[in-house]
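Chemist: Feature annotation from Swiss-Prot assigns signal peptide to 1-19. Per Swiss-Prot, domain 'Ig-like C2-type 1' is recorded for 32-117. Per Swiss-Prot, the feature disulfide bond maps to CYS50-CYS100, CYS144-CYS196, CYS249-CYS296, CYS338-CYS385, CYS430-CYS478, CYS520-CYS577; the stated evidence is sequence analysis. The N-linked glycosylation site annotation in Swiss-Prot covers ASN65, ASN123, ASN324, ASN376, ASN467, ASN706, ASN743, ASN858, ASN929 and rests on sequence analysis. For 123-209, the entry in Swiss-Prot reads domain 'Ig-like C2-type 2'. Taken from Swiss-Prot, the feature domain 'Ig-like C2-type 3' applies to 227-307. Positions annotated as domain 'Ig-like C2-type 4' by Swiss-Prot: 317-401. Positions annotated as domain 'Ig-like C2-type 5' by Swiss-Prot: 407-494. Taken from Swiss-Prot, the feature domain 'Ig-like C2-type 6' applies to 498-593. Per Swiss-Prot, domain 'Fibronectin type-III 1' is recorded for 600-698. Positions annotated as domain 'Fibronectin type-III 2' by Swiss-Prot, on the basis of sequence analysis: 703-800. Residues annotated as domain 'Fibronectin type-III 3' in Swiss-Prot: 805-899. The annotation domain 'Fibronectin type-III 4' is assigned in Swiss-Prot to 901-994 on the grounds of sequence analysis. Positions annotated as GPI-anchor amidated serine by Swiss-Prot, on the basis of sequence analysis: SER999.
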Amino acid sequence: MMWLSWKLFLFLSLIGCLSESVDYGPVFVQEPDDVIFPTDSEEKKVSLNCQAHGSPTPTYRWLRNGTEIDVESDYRYSLIEGSLIISNPNEMKDSGQYQCLTTNMFGSILSREAVLQFAYLGNFSGRTRSAVSVREGQGVVLMCSPPLHSPEIIYSWVFNEFPSFVAEDSRRFISQETGNLYISKVQTSDVGSYICLVKNTVTNARVLSPPTPLTLRNDGVMGEYEPKIEVHFPYTVTAARGTTVKMECFALGNPVPTISWKKVNGHNPSKARLRKSQAVLEIPNVQLEDAGMYECKAENSRGRNVFRGQLQVYTYPQWVEKLNDTELDSGEQLRWECKATGKPRPTYRWLKNGVPLWPQSRIEMINSVLMIRTVNISDAGMYQCLAENKYGTIYASAELKILASAPTFPLNQMRKTIIITKGQEVVIECKPQASPKPTITWKKGDKALRESKRVTILPQGSLRILNASKSDEGRYSCRGVNVFGSAEIVASVSVKEPTRIELTPKKIELTVGESIVLSCKALHDSTLDVTFYWTLNGQPIDFDKEDGHFESIKAQASSADLMIRNILLMHAGRYGCRVQTAADAVSDETELLVRGPPGPPGVVIVEEITDTTATLSWSPGADNHSPISLYNLQARSPFSLGWQTVKTVPDVISGDMESAMAVELNPWVEYEFRVVATNKIGTGDPSAPSRMIRTNEAVPKTPPANVSGRSGRRHELVIAWEPVSEEFQNGEGFGYIVAFRPNGTRGWKEKMVTSSDASKFIYRDESVPPLTPFEVKVGVYNNKGDGPFSPIVVICSAEGEPTAAPIDVKATSLSVSEILVAWKHIKESLGRPQGFEIGYWKDMEQEEAAEKVKTAGNESSLLLTGLEGNTLYHLTVRAYNAAGYGPPSTAVRVATKKSPPSQAPSNVMWIQDGSHVSLGWEPVRPLANESEVMGYKVLLRQEGQSNSQVIETQKTSAVVILPDVGVYIIEVCAVSEGGDGTASPQIRVPSYAGGKVTSAQSTLHMFSTSSSSVTLLLVLMVPSTSW
């Protein structure tokens, strides 16, 4: 009992934790990388990055060399999200291996190890170095003895003074392993001071050693001796796959030895390179196959020396198979396997929640396989598989969830009533969700269900009943039980009579445009409602999207009709009626065949193209259940208005033909063709257009139309025509042949016009008199030859320029700026005028400065405007045509009128009597250079209008009758032969409607334009004829 209570407590706790299906354990997004921190860095801060996802959000802890860091107790440590920040890092306190541990309620995972290393470069000892003295020809080694440093450094040597560096060659070599300078054979030029320079690869810091003097001894020259290998690679060289391997080998000797390399029992890798006068063998991107024994040989005339060493290539572990998150029911068995490759072969360790996992009674670890038998809630957590060899460790993580719950049923299984028909098969689902898997039992009514051949409990717990009958009706209950509890669902089964259906008619043949009604009747259990569904080719008919072609009609509860109106070809197919009840669904189908015009023929192929014909072939399209009776060929060109029917051979293309010849095409024209089929129902859609083709070239057959003459210059024959359309040019190189001859002669002159767009030709001959008749015809040609000529027409050469001057030239001054010029012209036979030109100039000017105005045709007068007033002008008139100008007439003289008076009528007075307005004003006296006053004009217009009524008078008074009700504007101006003078200021006069106005109602008004004062005494004023 206590055991059950404990399990129940764990179960309830876990259910609370797992209530949110989206929760999951930590997953690393970013793990820390190795960091090299320069001790002289200005930032004074190290950041080790770590970030993980999880729900709930994970928390973070950090380990250094396997011990947890207490971030809270040391101010130098801080956490930003998951990253560890170390302020003022110290090599003694902080260098080492770091790991990030991230945790949420589902467990913990441990990151890879990241190494924090400090970069620095110490100083050389300041102690003076002893001189090295050797004999000439002897070999020597100068020691660098570098200071303390981290990480790697680069060596170079300075000779005598910076920056004179020692150049490496076959005689001198600087080892990047020891930093020493090796001179295989010392020469007198080598005497001097040598300084070792080292550079940190991370900080780029440099330091110089104290100088080492090199001197020569006085006891003679060193004799020849065999090579002695002073620099060689280790006996065993290890390298990671993909890195670059550098192996050094250098020897002292006299003469200077030569270095050679080889791979023992194999060939040197093709990618291998020899550096520094062959003293370094470099193998980039080293692979496992590059491993083996390598030999360095130093040789000179005195002998040779050999060194051999082994290159071993290792690989870091790499995953082949990782872990996957797993969910198990309580009591099941877990088997996880992770696989990795590497050289040496990796070994495996397992962690649970960041802590090593050890074998127990239920837990077994064999190499890369973890097995846990009979899992329970305590096994849930985050697991990690570690694959490691001596060169590295990799981590794979996964979450194990243990499901433990009492049985529950999904809502979709809670069907209270199941209605079926006799003979049906029914499955009553019973699939409770539970962990561990529950035991299932069934009851019918109050009794345990007994299985039979018809009634069986399926392996997953559901109940299946075959060939149902009335005896199967009743109440069924399913109960699921496991250690955590139980649950039950109940369903009632009702067995009905099966539904039957009949759809009529069974097969229909109709023609496009006809209509039909399909009837669907159902025989069904009277206790069930029925619903009718209509389909076409298995798809539901959407009555709202069929443009009124379909209508569903339900006349009775057990029947439905489908009306199909104005049938189209697309409506052909299998029509189905489906009857649905709560117990079953049945359907029936009928086929509708629709006859209609043929479908479009297949691809049109164009073959055997000539200049006027093309042979077409096609494949027949659908006949839509009415045999094709004939075909029609259509063509389209850039010159046609859409598609046009073309003539064919044969004239009538019967429905069983699949080729024909299009004839009477135009040569050298691009055509597309299509085919249209017809049957007794009608004509169908056309085929797709064929590829565009061009007919062959041919001699042109269409001459130009409307050949005629045009006006031109003297001695010219101008021949014009309508250009031939490109449609009828029949080929490239199209042009015109212009033929002409004087009327009555025999020989033709021919001229070629090469432009296909040309519409005229001008022939010039100084000996041709004006209006000489010519016979003319225009032919055509192209690259294939000459075509026909147009019919012969007779045209005349250009007429001559006019020879006679106009006579009876008269000029009349009309105003200050207008002169009317009139003339007569003598008729000529060879120089008919097209118009006249009037030249005019002022009396003080030369005729060459004359301004010119032309008439538009054979007119006999012209009004000159825009002239200066009171000015004497000279005028001439001459005729002109296309050939040129005729002689001018004798010049005539005429003066424009003086300017009209510039002074407006003054002291304008008026009396209004109803609609009558009596006006009076003082006379206008013109200046000496102005025209005499001949009379006056009174201008009357309604306010807002532009057209004025003009009243002329010889007197200085007038009576104006206002025509209608409104406000009127009145102005007065003088009239002279020079034109109208300046108008007086406007007078606004209202017009009143009504009866007669007495004298007492009369009003005298005065408007003065002068500066003098005028006083009027009104006693009685009656309008008279004199005012």
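Each residue, glycine too, has its Cβ placed from N, Cα and C.
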Chemist: How many whole Å apart are the CA atoms of CYS430 (disulfide bond) and ASN376 (N-linked glycosylation site)?
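Modeler: The Cα atom of CYS430 (disulfide bond) is 26 Å away from the Cα atom of ASN376 (N-linked glycosylation site).
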Chemist: How big is the Cα-to-Cα gap, in Å, between ASN467 (N-linked glycosylation site) and ASN929 (N-linked glycosylation site)?
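Modeler: About 133 Å separate the Cα atoms of these two residues.
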Chemist: Please spell out the DSSP helix, strand and coil residue counts for the domain 'Ig-like C2-type 5' (407-494).
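Modeler: Counts, helix then strand then coil: 6 helix, 46 strand, 36 coil.
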Chemist: If you measure from the Cα of CYS338 (disulfide bond), which of the recorded positions ASN65, CYS520, ASN706, ASN858, ASN929 is the nearest?
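Modeler: Ranked by Cα distance from CYS338 (disulfide bond), first place goes to ASN65.
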Chemist: Going by Cα-Cα distance, pick out whichever of the recorded positions CYS249, ASN376, CYS577 is nearest to ASN123 (N-linked glycosylation site).
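Modeler: Nearest candidate: CYS249.
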Chemist: So of all those recorded positions, ASN324, CYS577, ASN858, which one's Cα sits nearest to ASN376 (N-linked glycosylation site)?
Modeler: ASN324
Chemist: Look up CYS196 (disulfide bond) in the DSSP assignment and report helix, strand or coil.
Modeler: strand
Chemist: Between the recorded positions CYS144, CYS196, CYS385, ASN706, ASN743, which lies closest to CYS249 (disulfide bond), Cα to Cα?
Modeler: CYS144
Chemist: Going by DSSP assignments with H, G and I as helix and E and B as strand, what are the residue counts for the domain 'Ig-like C2-type 6' (498-593)?
Modeler: 6 helix, 56 strand, 34 coil
Chemist: Out of 32-117, 123-209, 407-494, 498-593, 703-800, which stretch has the largest tally of CB pairs under 8 angstroms to the domain 'Ig-like C2-type 3' (227-307)?
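Modeler: If we count Cβ pairs closer than 8 Å to the domain 'Ig-like C2-type 3' (227-307), 123-209 scores highest.
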Chemist: Could you give me the DSSP helix, strand and coil counts for the domain 'Fibronectin type-III 4' (901-994)?
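Modeler: For the domain 'Fibronectin type-III 4' (901-994), the helix, strand and coil counts are 0 helix, 54 strand, 40 coil.
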